[in-house]
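Sequence annotations record features per position, and here TrEMBL assigns domain 'D-isomer specific 2-hydroxyacid dehydrogenase catalytic' to 5-319. Per TrEMBL, domain 'D-isomer specific 2-hydroxyacid dehydrogenase NAD-binding' is recorded for 108-287. The active site feature in TrEMBL is assigned to Arg237, Glu266. For His285, the entry in TrEMBL reads active site, proton donor.
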Amino acid sequence: MKPSIILYKALPDDLLQRLETHFTVTRVANLKPETVAQHADAFASAQGLLGSSEKVDSELLEKMPQLRATSTISVGYDNFDVDALNARKILLMHTPTVLTETVADTIMALVLSSARRVVEVAERVKVGEWTSGIGPDWFGIDVHHKTLGIIGMGRIGLALAQRAHFGFGMPILYNARRHHTEAEERFQARYCDLETLLKESDFVCLVLPLTDETHHLIGKAQFEMMKKSAIFINAGRGPVVDEAALIDALKNGEIHAAGLDVFEQEPLPVDSPLLSLPNVVALPHIGSATHETRYNMAECAVDNLIDALNGKVEKNCVNPQVAS
Ligand SMILES: NC(=O)C1=CN([C@@H]2O[C@H](COP(=O)(O)OP(=O)(O)OC[C@H]3O[C@@H](n4cnc5c(N)ncnc54)[C@H](OP(=O)(O)O)[C@@H]3O)[C@@H](O)[C@H]2O)C=CC1
Ligand SMILES: O=C(O)C(=O)CO
């Protein structure tokens with residue numbers, strides 16, 4: 001008999017078929033308690049769980065006594081209680097690498113659109129404000145050859161450094177928990193402590209995971225360290241930044257502008273003060289959202305679950321130590 005799994009995210013037809021050749025699949029819309037209650041038997045017998053974005057905590061795990069592997073369609077896994085998974089020896093698979101280049105492209109889009117005010121001036125054209133030659137009130141600031149500070153020199157940080165170094169001639173500073181020789185050798189990136197990076201960068205790009213250590217890593221004190229001309233980009237996770245402090249920094253002119261793909265609360269509430277600030281470009285968490293990359297992520301997650309339930313954890317496994 002095929003193992004049964006819960007699928008809580010829509011998949012392309014061919015990937016759903018692939019999944020169904022290996023498993024008996026119960027499709028649900030989400031992991032809310034009422035959904036779990038409605039499909040209690042399926043959750044109780046499921047050995048696998050596949051989807052993205054929703055919280056997977058000990059309360060949910062209690063309803064899934066047979067669970068052996070979870071597979072998220074994302075590289076970030078801050079929505080999983082990893083300690084609870086480890087305690088039950090449940091594997092957690094994720095999708096690093098397949099989205100790296102696409103997310104780095106999105107970050108460059110945020111850098112360029114914030115600096116050159118692309119969204120703001122395009123809107124002004126649409127409402128008929130371009131009635132004569134443009135003056136300084138339409139100007140932006142240069143990106144090329146400015147100093148880029150990257151907080152988190154992992155896979156995405158490295159792909160961003162490549163673009164900035166070769167494409168835009170930008171000197172690169174970076175901070176991470178350890179030195180990255182590849183970044184230093186290929187892109188002449190300079191390791192520095194967080195304070196030095198914040199003080200010296202023209203663009204501060206955050207590409208960190210959300211963990212207990214990174215929660216609110218960037219707050220009032222850190223914005224005060226940045227140049228008044230600095231542009232702050234967050235493509236990691238919203239809660240790494242104290243959003244109230246960011247709003248104050250933008251309003252008070254402590255920093256020049258921000259480009260944001262992630263927020264403390266998502267979707268971003270429509271009454272967020274961020275949306276009324278002209279110096280903010282706010283995207284709806286589209287870092288990896290291209291047709292190609294989202295397909296590749298879904299395929300990776302499907303194959304990860306097949307591998308995990310067959311005891312293969314050589315790649316893409318967050319907690320291979322729990323494999324028996
Ligand atoms: N906006 C979006 O749509 C997307 C957002 N993301 C986010 O980007 C994150 C990074 O992805 P990826 O590059 O693949 O991950 P990696 O694991 O390759 O890189 C993470 C980097 O963060 C650094 N880091 C982790 N904790 C700390 C800390 N406490 N202090 C300083 N540095 C730290 C790591 O340091 P070290 O190298 O020293 O270990 C590493 O350089 C994801 O976890 C996710 O949250 C990812 C994809 C899409
Ligand atoms: O993969 C992730 O972690 C995302 O945020 C979406 O691609």
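Counting starts with 1 at the first residue shown.
Cβ coordinates are placed from backbone N, Cα and C, and glycine is handled just like the others.
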Rounded to a whole angstrom, what is the C-alpha distance between Arg237 (active site) and Glu266 (active site)?
10
In the structure shown, which of the active-site residues Arg237, His285 has the fewest other Cβ atoms within 10 Å?
His285
So if I draw a 10 Å sphere around the Cβ of Glu266 (active site), how many other Cβ atoms end up inside it?
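Within a 10 Å radius of the Cβ of Glu266 (active site) lie 13 other Cβ atoms.
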Taking only the Cα atoms, work out how far His285 (active site, proton donor) lies from Glu266 (active site), in Å, as a whole number.
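So the alpha carbons of His285 (active site, proton donor) and Glu266 (active site) sit roughly 8 Å from each other.
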